[in-house]
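Here is what Swiss-Prot says about this protein:
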- His139, Asp141, His227: Fe cation binding site (BINDING)
- Lys237: 2-oxoglutarate binding site (BINDING)
- Cys259-Cys299: disulfide bond (DISULFID)
- Cys266-Cys292: disulfide bond (DISULFID)
- Cys275-Cys296: disulfide bond (DISULFID)
- 121-246: domain 'Fe2OG dioxygenase' (DOMAIN)
- 259-299: domain 'ShKT' (DOMAIN)
- Asn165: N-linked glycosylation site (CARBOHYD)
- Asn258: N-linked glycosylation site (CARBOHYD)
- Asn263: N-linked glycosylation site (CARBOHYD)
- 1-5: topological domain 'Cytoplasmic' (TOPO_DOM)
- 6-26: transmembrane segment (TRANSMEM)
Amino acid sequence: MSMSRLGLLLFVAILLVLLQSSTCLISSPSSIINPSKVKQVSSKPRAFVYEGFLTDLECDHLISLAKENLQRSAVADNDNGESQVSDVRTSSGTFISKGKDPIVSGIEDKLSTWTFLPKENGEDLQVLRYEHGQKYDAHFDYFHDKVNIARGGHRIATVLLYLSNVTKGGETVFPDAQEFSRRSLSENKDDLSDCAKKGIAVKPKKGNALLFFNLQQDAIPDPFSLHGGCPVIEGEKWSATKWIHVDSFDKILTHDGNCTDVNESCERWAVLGECGKNPEYMVGTPEIPGNCRRSCKAC
């Protein structure tokens, strides 16, 4: 083989290695998750802030995708689960599908890696804009109705991605939370709005992410997870919400009467007595079938 041909092959091999390395840096979640940037801010609920989770490019990209499709935000009715406009939530927003483009897919990968929760358990990202005076009153992210819980179960966790800085206001506040004992009290309370001083608060900072769990470790809804978005006093707030369920949210619901198990762990859970301990999830009702009807001998 001539030296020129050998040199060409070597050049191509090196180029492929460089391209593969670059791809890993962009798309491999494990290469960009840095645990040292995470700090716990609350023990009840379990809440954590990841500093610099998103790049400026990722933040700006999500905003640009959302700008043309913003609509008035809605809330879920506690009785029937239907979405409705309410003064409780005055922002505007839109959903962005998980596979919208490579940047969005990369963000989804990072979220799954950080939370240790499958991508299919998450809803699409909801990008929100809060203008002057707009807010989201204190609420829970787990469900009170049986309609929404039928698809993927409760929301086990929420991640709030802060896409912009806010001059004043716009904090996320947990009114009933218990502060983490080893938390660094570097946050200057004087910089917080009056709303944020009513509990443990996280200031919106571009690129940061807030993860908190809506369920306790025994899967019971956590009353300490009550949280709200304080009114924006100066500036404009952009954020993105990722709600993550205990089961697959992408799964298509069927009511064809087939006696099946949705989760591969159903048989083991049934042996452990979960059919009686957690009948809503395992067995369900005639209107909303559970996820482990076969193993629970409910059909």
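Quick reminder: no glycine exception, Cβ is built from N, Cα and C everywhere.
Most Cβ neighbours within 10 Å, among the disulfide-bonded residues Cys259, Cys266, Cys299: Cys266 holds that distinction in the structure as shown. For His139 (Fe cation binding site), the nearest neighbour among the listed recorded positions (Asn165, Lys237, Cys266, Cys292, Cys296), judged by C-alpha distance, is Lys237.
Listed in chain order, the extra residues whose Cβ falls within 8 Å of the Cβ center of the Fe cation site residues His139, Asp141, His227 are Tyr136, Ala138, Phe140, Thr158, Asn214, Ser225, Leu226, Gly228. Per DSSP, the secondary structure of the domain 'Fe2OG dioxygenase' (121-246) breaks down as 13 helix, 52 strand, 61 coil.
Classification of Cys275 (disulfide bond) by DSSP places it within a helix.
Cα to Cα, Cys292 (disulfide bond) and Asp141 (Fe cation binding site) are separated by 24 Å.
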